[in-house]
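*Asks:* Following this message is one structure expressed as C-alpha cells.
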Amino acid sequence: MDRLLSLEPSNVVTIRLEPGQKCSGVLTLRNVMYTMPVAFRLQPLNKIRYSIRPQSGIISPLTTITLEIIYHLPPNTTLPDSFPHCDDSFLLHSVVAPGATAKDTSSTLDMVPSDWFTTKRKQVFIDSAIKIMFVGSPVLCYLVRKGYMDEIREVLEKSDTTWKSVDSVNFEGQTLLHLAISQGRPDLVQLLLEFGPNIEAHSRSCSSPLEAASATGEALIVELLLAKKASTERTEFSASGPIHLAAGNGHLEVLKLLLLKGANVNSLTKDGNTALHLAVEERRRDCARLLLANGARADICSTGNGDTPLHIAAGLGDEHMVRVLLQKGAEKYIRNKYGKTAYDVAAEHGHNKLFDALRLGDSLCVAARKGEVRTVQRLLENGASINGRDQHGWTALHRACFKGRIEVVKALIDNGIDVNARDEDGYTALHCAVESGHVDVAELLVKKGADIELRTSKGITALQIAQSLHYSGLTRVLMQGGATKEVGTMETNIVKSSGKIAVRDLDIGTIKKRSVNKSRTRRSSFDRNAPLAVL
C-alpha cells in the first residue's frame, strides 16, 4: 500500500487572497483503511508563513477530516515567478494507530505525540505532494494585467463557485473586464466572457465595460460585448453612454456597431448633449456625418446651455460642419439660453467667413429673388459670398435667372459670379432661365460666356428644354449662340400638373420630371427661400 490517506479533492490546495480578510484554504484527508484508525501530522516547511488547523489528529476508518491551511501574507511581498502556483512545501506524516480513538477536531491540534511519527517505532508514510495555488481578486487582477491566459483560466476554474471570481475588482474598482479592455485584449475579454461575468458592472469611475471599450475604440471588444447583449444606452451612473464616447473620440467603426445594434442616436449625456454635439465639438466629421445619416437631429438643443450642433460649429469656425448641418436641415435662427443664434456665436468669436452661410447668404438670396439690385450690392460689399449655395446647390444667380431679374443678373455677373455654376442636379443658371422662359436673361448669359452645351445630371441641355417647351425665341437665342441641335427628330410630350413639368423625349431618351422640392417650375408659389450655404 502506497499511502494510508487520500487527498481530496486533489493535492492542490487553493487559498483565496482578499484584502483585509483571512487568507485560507481547506484540504480534506480521507482514511482509506477499512478497519484501522490512522494518525496524521501536516507540517509546513515555512512555519512563519503558514499555520494549519488541526495540525495533527486521528481519523477513523473510511472517514475524513478537513484541515484549514492559513496563509499569513507578509507585507510588501514580491510575487514569485510561479504565481499563482507556490513553491512552498508541506510534509504529511501518517501512521496506523491501532486502538486510537478520534476526538473532536477542534481539540486535536498537536494532540498526537510527535514520537508516533518516528520511523524507529512504526512504519510511517510521508507525503510531500501537497501544493498551494492562490486564487482571489488580487490574483486574478494581477494575471489579467500580465495577460497570462492559461493561468487566468486555471484560477477561474479552481475558484470556489460560491463567489463570482470572474467579477473580481481591483482597488480602483475596475472589474477584470475593465482591465482586459484597458489593455486592448479581445482575447482576454473573450476568455472572461466564457465564465459569465456581469457585463453591466460599473467601475468606480462609473463606466460599464461597453462604455470603456467605446471610449478606447476597441471595435472587436465592442462586438464581443454586444454579442452578449450589453446595453447600448447610458445608465444613471454614467456621464456618457457608449454612443457619446465613440462619437466624441472619433471611433467610427465602433459607432457603426452601436448604431447597428439600435443605439439611440439622439440620447443625451448627463449634461444634456447628444452624440452629434460631441462629434461636432471634437471635429469628428466622419462621425457627425454618420450620425446625421442615421437620424440624428441637426437642430436639437443641449439641455445645458441650449446650444445646437450649429452653435458649436459656428463657435469653432468650422465651415465644413456648418455647411453639412445646414444641408441636413439645421435651423440657423434657434437661440440658445443666452439668446444667441449661431450667427451671433460666430460673430462673437470673429469667424467672419461664416457670416454668409449663417445670415448674409439668406439676405443675398432674398434680394436676388426679389430683384433688389442695391441690396445685392450692399450685401456683397459687406462680405456676402457671391458664389454661396443653398442646400440644393443654387447660387444667387440661379435664383435671379429663375425669376427673370435681369438687373440683378447683370450686377452678379459684374461682381464675378460663376455663370456656369451647377446645382446638385447639374442645372446651370442658363437652364433655369430657359426653363422659366426668360429670353432676355438667357441672351445676357450667352453673351457673358455661359456654356450653352452643359448638360444636367440627366444629360439635358438648355436647347433641349427650350425645344421641348416650344420656346421659339429661346431656341433661336441658343442656336445663334452656337448650341448644337440633337441629331434626329425629337418628339415631346409636356405634362403639367401640380406645379411639375416633365419633358419626355420619345426617340433619344427620357427627360424625367423632377421632384417638387428641387424642380425649376414656373409657378409663382414655388418656394425658393431656402438658405444659402457657403462652400
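Even glycines carry a Cβ here, placed using N, Cα and C.
Not my notes, these are from Swiss-Prot:
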DOMAIN    4-135  domain 'MSP'
REPEAT    135-164  repeat 'ANK 1'
REPEAT    172-201  repeat 'ANK 2'
REPEAT    205-234  repeat 'ANK 3'
REPEAT    238-267  repeat 'ANK 4'
REPEAT    271-300  repeat 'ANK 5'
REPEAT    305-334  repeat 'ANK 6'
REPEAT    338-359  repeat 'ANK 7'
REPEAT    360-388  repeat 'ANK 8'
REPEAT    392-421  repeat 'ANK 9'
REPEAT    425-454  repeat 'ANK 10'
REPEAT    458-487  repeat 'ANK 11'
*Asks:* Taking a Cβ cut-off under 8 Å, which residues six or more beyond the ends of the repeat 'ANK 6' (305-334) line up next to it in the same chain?
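*Replies:* Beyond its ends, the repeat 'ANK 6' (305-334) has Cβ neighbours at 274, 276-277, 280-281, 283, 285, 288-289, 292, 298-299, 340-343, 345-346, 348-349, 351, 353-354, 357-359, 362, 391, 531, 533-535.
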*Asks:* Same chain only, please: residues at least 6 beyond the ends of the repeat 'ANK 3' (205-234) with a C-beta under 8 Å from a C-beta of the stretch. Say none if there are none.
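*Replies:* Non-local partners: 173, 175, 177-178, 180-182, 184, 186, 189-190, 193, 199, 240-246, 249-251, 253-254, 257-258, 261-264, 267-270.
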*Asks:* So if I exclude everything within five residues of the ends of the repeat 'ANK 7' (338-359), which remaining residues of that chain have a CB under 8 angstroms from its CBs? That is, six or more out.
*Replies:* 305-306, 308, 310-311, 313-315, 317, 319, 322-323, 326, 332, 383-385, 388, 531-534
*Asks:* Can you give the mean pLDDT for the repeat 'ANK 8' (360-388), rounded to a whole number?
*Replies:* 84
*Asks:* Do any residues, 6 or more residues outside the repeat 'ANK 2' (172-201), come within under 8 Å Cβ-to-Cβ of it, and if so which ones?
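*Replies:* Here the qualifying positions are 140-141, 144-145, 147, 149, 152-153, 156, 164-166, 207-210, 212-213, 216, 218, 220-221, 224-225, 228-231, 235.
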*Asks:* Per DSSP, what is the residue count of the repeat 'ANK 2' (172-201) in each of helix, strand and coil?
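*Replies:* Output for the repeat 'ANK 2' (172-201) reads 15 helix, 1 strand, 14 coil.
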